[in-house]
Amino acid sequence: MAANPRAAAVAALVRQEQDGFSNLVLDAELKRQKLEGRDKAFASAIFYTVLEHRGTLDYILEQFLPKGLAKLDAPVREILRAALAQARYMQVPVSAAVNEAVKLTRTFKKSSASGLVNAVLRKACGYDLDAAVFTDEIQRLMVLGSAGRDVAEFLHKNYPDEALGILTYQADGGLTSLRANPLKASAAQLCALLTEQGAAEVRQGIVPGSVLARFAGSPADNELFRQGYYHVEGQASQLAALCVGAAPGETVLDLCAAPGGKTILLAEQMQGTGTLYSCDAAENRVGLIRTAVDRMGFTGVHTLCNDATKPNPALPMADRILTDVPCSGLGILAKKPDLRYKKLEADRQAELLATQAAILDTAAALLKAGGRLVYSTCTIDPAENQQQIAAFLQRHPEFTVCAPDVPLPAGMTAGEYGCLSVPTRTGMDGFFLCVLQKAAGTQ
């Protein structure tokens with residue numbers, strides 16, 4: 001197959017539907033086809049646009065497929081989705097989107113479907129979604145918000161008035177959120193440097209030290225990134241690390257640290273003194289942390305492969321601990337669109353809650369009396385957030401919830417069991433954090 005950005009996107013979409021892990025399958029396909037520059041960016045844009053809008057695309061296509069999408073071969077299904085995504089969301093002329101889709105049927109050895117692809121797309125590209133009539137609110141969310149049934153039902157139950165807004169909202173204004181490296185430049189100076197390099201849009205974020213920027217390609221391809229002027233980190237994630245309040249000379253643990261963004265911010269707070277342990281359960285992800293820390297030029301960071309659900313005598317007692325635990329990811333649907341269609345199965349959810357609780361218990365045992373523990377997730381699920389903290393406090397009465405030292409952005413609510421960011425309220429990712437203080441004189 002000749003290198004072709006549309007073909008690469010379709011091939012990656014076929015693999016993603018089979019295997020999941022959107023970023024991994026896309027990266028593999030881009031490398032396999034040796035795409036660079038604009039072709040790489042175009043293929044990536046098609047891929048993620050389809051994932052982000054798949055519910056809408058499928059609904060429209062189904063209007064013109066009596067037997068449904070599921071009856072089609074996978075490459076034909078993805079060719080249709082990719083072409084409609086280009087015409088509907090990417091300002092590609094309908095004629096170009098349709099003609100290239102027909103060519104792709106030959107590329108994927110599905111020439112017998114070329115007539116169907118041509119006919120369906122010419123009708124689908126002109127479909128008026130405003131005229132659609134939905135059977136109930138769940139279907140409306142699934143179509144207009146492009147979500148699977150489980151996610152649509154979760155949002156309708158927990159955020160009935162905001163569900164569609166959460167599904168369609170672009171956190172951080174659709175820009176990439178960065179953290180300026182104070183060893184190299186302030187946030188204001190980084191904005192100026194990025195502007196000089198031709199970034200289309202740059203501004204400081206609402207979290208101190210954050211910058212929002214729009215890149216033509218990947219932020220990691222920028223020379224300033226390679227020189228350690230910034231790392232990519234969502235504003236809400238930055239806020240969680242800032243709430244740790246790590247100070248020079250302290251011993252600090254980051255128990256679920258990969259790929260290293262929060263570790264870098266903790267090291268920034270510690271100003272090169274004290275000891276920071278940055279841990280992750282996967283050895284290859286520990287390598288990502290080390291690479292990120294070295295690129296940014298911070299010292300005093302020890303990386304360690306560690307299962308945070310279990311005690312580890314190699315870890316010291318700490319003054320401050322950050323536990324950014326594994327979670328359902330329901331707060332970052334815009335950034336990880338494949339999560340829109342995940343199955344929220346009860347047994348898997350129970351395992352996840354047990355893992356989070358075990359990590360909290362490990363952290364509690366490692367924290368010095370009078371120390372601070374920050375629990376954070378990138379979900380808006382009360383079971384993983386407020387209810388998890390309530391259960392922790394029942395097990396550990398020596399802990400109390402305290403207010404963050406860092407000012408909270410407008411719209412972020414602070415409650416009895418922590419602080420919640422909902423994208424439609426704060427403009428940031430969906431995120432939860434809770435600052436916990438361990439009583440003095442306790443074990």
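Just so you know, glycine gets a Cβ as well, placed from its N, Cα and C.
Among ASP294, ASP324, ASP338, the residue that TrEMBL places alongside CYS256, ALA257, ALA258, PRO259, GLY260, GLY261, LYS262, ASP280, ASP307 at the S-adenosyl-L-methionine binding site is ASP324. You'll find the Cα of CYS256 (S-adenosyl-L-methionine binding site) roughly 13 Å from the Cα of CYS378 (active site, nucleophile). Around the Cβ of ASP307 (S-adenosyl-L-methionine binding site), the same chain contributes ALA281, each under 8 angstroms and 6 or more positions distant in sequence. When the alpha carbons of ALA258 (S-adenosyl-L-methionine binding site) and CYS378 (active site, nucleophile) are compared, the span between them is 14 angstrom.
Secondary structure at LYS262 (S-adenosyl-L-methionine binding site), as computed by DSSP, is helix.
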